[in-house]
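Colleague: To start, I am sharing the structure in question, which I have written as structure tokens.
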Amino acid sequence: MSEPDRLFAQPHARVTDFAFNEDVVRVFPDMIKRSVPGYATIVENLGVIAAQFAQPKTALYDLGCSLGAVSQSLRRHVQQDAVKIVAVDNSPAMIERCREYMAAQSAMYEQLQPIEIIEADILNLQLEPSSVIALNFTLQFIVPEKRLGILQRIHHALHPKGALLISEKVRFEESTEQMLIGDLHIAFKRANGYSELEIAQKRSALENVMLIDSINVHRERLLEAGFSSVTPWFQCFNFISLIARP
Ligand code: GEK
């Protein structure tokens, strides 16, 4: 169903801001796999981790679900009774395709957890009592001044034995480290078949819409939002995944 990502292969007269529209949806599985080091490992293990924190009679949220990869992993790994998985995205094109993928998964496997797929802005979403909330590469697309507020709402919704699972691209505060790891990420993209033109045009498309923080900024903000601990469980180059406990 997914096409190879050639969105930035030809020179664009003017590179416009990146948007999660139908063109992106068509190539998304290929794009994210070739751009985010460790993506498949992160997605699979978010299910494994979620199974340790999920509590009966609570919701498990996949916020900024895109095509629902994390929700699919949660459905396969979490066995607790009476949990409800809720996948949320504000891109109509993503949600439409997500529903198709989820229907295909439901048809293929028995005994999957129930799922609700919602088109909504996570900034306006009323969160039900939850035990696991995943923000898998989503917070980086939220305007910086709204990030603390959403983390505070997530903290408020979380069961004491639950967890926020958050993955992000990060920057490094020390410039030589930033240069080294940034270059290694570019090498990863080259190794996955992206040309210099594709890498450069994608970078300018994301410049104004994906604003990344350092690990320290994430940690401090999560603590300010009320979380008691922040534990990195995965890093590959400048891509990390953290477990934040209420
Ligand atoms: C995955 N988690 O495959 N409200 C709802 N959704 C939003 C908002 C918002 N305010 N802002 C951005 N999004 C996925 C990958 S992609 C990351 C997540 C990437 C959505 C946006 O529409 C997009 O689908 C997603 O967040 C970010 O594990 O493409 O690098």
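Cβ coordinates are placed from backbone N, Cα and C, and glycine is handled just like the others.
TrEMBL does not curate its annotations; it predicts them automatically.
Sharing the record's features from TrEMBL:
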- TYR39, GLY64, CYS65, SER66, ASP89, ASN90, ASP121, ILE122, ASN136, ARG203: S-adenosyl-L-methionine binding site (BINDING)
- 62-162: domain 'Methyltransferase' (DOMAIN)
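In terms of burial and nearby residues, how do these features look in this structure?
Modeller: Remark: ASP121 (S-adenosyl-L-methionine binding site) has ASN90 as non-local neighbours, by Cβ distance under 8 Å and separation of at least 6 in sequence.
Residue counts for the domain 'Methyltransferase' (62-162) by DSSP state, with H, G and I taken as helix and E and B as strand, are 46 helix, 25 strand, 30 coil.
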Colleague: Taking TYR39, GLY64, CYS65, SER66, ASP89, ASN90, ASP121, ILE122, ASN136, ARG203 as the record's S-adenosyl-L-methionine-binding set, what's the max Cα pairwise distance in Å, rounded to a whole number?
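Modeller: About 25 Å separates the two most distant Cα atoms.
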Colleague: Which state, by DSSP, holds TYR39 (S-adenosyl-L-methionine binding site): helix, strand or coil?
Modeller: helix
Colleague: Under 8 Å Cβ-Cβ from ASP89 (S-adenosyl-L-methionine binding site), six or more apart in the same chain: what's there?
Modeller: PHE20, GLY64, CYS65, SER66, ILE95, CYS98, GLU119, ALA120
Colleague: As a check: which entries in TYR39, ASP89, ASP121, ASN136, the binding-site residues, place their Cβ less than 6 Å from an atom of ligand 1?
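Modeller: Near the molecule: ASP89, ASP121, ASN136.
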